[in-house]
């Protein structure tokens, strides 16, 4: 629901959202804004940037900055790296290749290194919608997809998909069916949301996420968790699940990593800038999730350390500061009922 999410982003539907000005939307993403929550946070250990490895990385970066697009492409080809994408993307790819090489060597010698989650779980809901959504329209989740990325092999290793029977507006609009490709019969025969969420929790538990393996949820924007899931839990009279309270907003990570404006972080634009094309049917939750996963994998290949950058607290969307420790999502549990 990429473009449709853009249309509903500014509407207040049972969740407080942090505001941004129009000017901010056209500027490169700022570093994550600090929270205003008073709860204590564990600070991340300070890295010793005086270590010689960082001087070597800095010198390599300076050399790469002076390279032309053709020189970058030739060098990437020599290293058997992807040569697709605009100049800034190729430059970032080459810089991070050298950075990773240096840090791997440094780690072997007991020096600085980077840390990744073991798995990243991509989620992109499809929800009920109208062509012109009324301000009080309640978007109900009708497709719950998940795509699991192994960050060590940089491959999609598993998927989950379930359709959901809406409760408030059980009849899908013609616009919604055309947009998502989900039929009325499909949702009529689907389970209600609490039962689908139970299946999701079982699926995550079977893969030992949050117990044996460190993982994080990743979404295309803030809406999936802060709006759709938040609203759905209220409708279904269940508490918001703990494992979904923090996530990676790939749009925010993308524009911070590649230094581009927020206007260049739509799914189709990110794919294009990375030299890829959309695969599958747009607005299919599972296909959207697969394509978002492809972007995440490319970013990891380019050296981006994807990490949690947004969270829910007290029904409000907050940013997670870059100084916060890299934490995985908690073990998945079924949420209790609302009192």
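Any Cβ shown, glycine's included, is placed from N, Cα and C.
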Segment assigned the feature region 'Disordered' in TrEMBL (from 1-51, 52-102): 1-51
Of the residue ranges 294-316, 317-339, the one that TrEMBL records as region 'Disordered': 317-339
Within-chain partners of the domain 'SAP' (64-98) [C-beta distance under 8 Å, separation at least 6 from its ends]: 57, 257-260, 273-276, 298, 301-304
Local confidence of the domain 'Exonuclease' (119-305) - pLDDT mean: 96
